[in-house]
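Feature list (source: Swiss-Prot):
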- ARG47: NADP(+) binding site (BINDING)
- ARG123, SER124, SER125, GLY281, LYS296, PRO297, THR298, SER299, SER300, ARG324: FMN binding site (BINDING)
Amino acid sequence: MHNQYGSLFSITTWGESHGPSIGVVIDGCPAGLPLAPEDFLPAMKRRRPGQLHTSPRQETDSVTILSGVYQQKTTGTPISLLIQNEDASSTSYEQLNDCYRPGHAQFAYEGKYGFADNRGGGRSSARETAARVAAGVVAKKILSSQGIKTLAFLSGFGPLENKTYPKLTDPLIRKVYSSPFYTILSQEEIQNLLLHDPEDSFGGIVSFITSPLPIGLGEPVFGKLPALLAAGMMSIPATKGFEIGEGFASAHMTGSTYLDSFIAKEGEISFQTNRCGGTLGGISIGQPLEGRVAFKPTSSIRKPCPSVSKDGEPITYKTPKQGRHDPCVAIRAVTVVEAMLDLTLVDLLLQHRCAKL
């Protein structure tokens, strides 16, 4: 398995959905960064299940710092973070020993390894992303020390979509973090969709934005900022699409409508628009980074689905009533997208510091 992400600033996550705990080891964090257990609370609360429109699984997601921190300062050594699994229930997964769940990774894992942990998806479960969010807290503190702000939010839910990118401000950040379910969509329309067919699930889109980034983040040729971001975002469970700026819509434009014109403003060169999403040649250009990540509908639904037993016999699979799943994974994926954004930017920031003397 490939459990590591990043180069100079890297993370290695471990653990399974229904194991005793999950966690992450962070390597490459500079010494002297203030870090305390309470720093993890806001981000972990945003991702935590058991909230509005999410899985009823109850997890406190308290983060325990095992190493790499002394007197609430990072020491420059690997930081190990532990999160206990407190509410795992494996009874509803016992039937999976004899059949395959449509849309899940179980079939692929068994084909690759000859064995799979069916309890809650095991290693392939989105439960693993709690460790990424914890690591993202450390990355965000580094970015904040450099004046870089980041944010992700729900911009698509089923047939609902809003493609606008708001300007990143401190009031917006406070609003997002203080809300149990922030979105630029109509919450009433989302509620109506969920009530219309409670046995089904929905896909969604998560947008991300940053404050203007320093010029130079991203490495030619295979370390481009969008390329590394795409790898990070597409590693999140249930992702099916990624774009920067206008993304796929740019394929339907002409050059004259797409190009971001240069302008001189107060003695500095800038851009009239930001259709490129903040990068040229895969390198940041002093503009905000803007992009979106698409998530497929949750595979665990109450509606009957055609499947087969492990002997190849046709069956009808239906998620057990006691099973606990999100109606739309994109809702809780918001914090995961933000974490992967932060982790990628910190790694590239450190690489940029090494690019020239």
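Yeah, the Cβs are placed from backbone N, Cα and C, and that goes for glycine too.
Structural mapping of features recorded in Swiss-Prot.
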residue: ARG47; record: NADP(+) binding site; CB count, 10 Å: 25
residue: ARG123; record: FMN binding site; CB count, 10 Å: 19
residue: SER125; record: FMN binding site; CB count, 10 Å: 20
residue: LYS296; record: FMN binding site; CB count, 10 Å: 17
residue: THR298; record: FMN binding site; CB count, 10 Å: 22
residue: SER300; record: FMN binding site; CB count, 10 Å: 22
Using DSSP and three states only, what is the residue listed as 'NADP(+) binding site'? helix
Reduce the DSSP letter at ARG123 (FMN binding site) to three states and note it down. helix
Rounded to a whole number, how many Å is the Cα of ARG47 (NADP(+) binding site) away from the Cα of SER125 (FMN binding site)? 14
